[in-house]
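Student: For reference, the structure I am asking about is given below.
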């Protein structure tokens, strides 16, 4: 990153931010799709039932905890990789 000039650093930062937003939107879309498909079964009303609301809450919490855990493991593996690269 130090080898880049200011303009290149700004461009790189913009690309990173765009990728992060794309990843966030993909995560959100997957969450909505999965929890809706798993929890919403009754289309006779325009309101969610208490059971559906509870299911969506549990589903979204579980999905987000899983995503957080995967992110933590990725960070741990990345840290190990960086340590191994520094030892060389």
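Positions of Cβ are set from backbone N, Cα and C atoms, glycine also.
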Student: Of 35-59, 60-84, which range does Swiss-Prot call motif 'Twin CX3C motif'?
Tutor: 35-59
Student: Sorted by position, what residues of the same chain at least six away from residue 39 (disulfide bond) have a C-beta under 8 A from it?
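Tutor: Same-chain residues close to residue 39 (disulfide bond) (Cβ under 8 Å, separated by 6 or more) are 52, 55, 56, 59.
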Student: Over the span of the motif 'Twin CX3C motif' (35-59), count residues by DSSP class, listing helix, strand and coil in order.
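Tutor: Reading the DSSP string over the motif 'Twin CX3C motif' (35-59) gives 15 helix, 0 strand, 10 coil.
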Student: Starting from each candidate's C-beta and looking 10 angstroms out, tell me which of the disulfide-bonded residues 35, 55, 59 has the most other C-beta atoms.
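Tutor: When each Cβ's neighbours within 10 Å are tallied, 35 tops the list.
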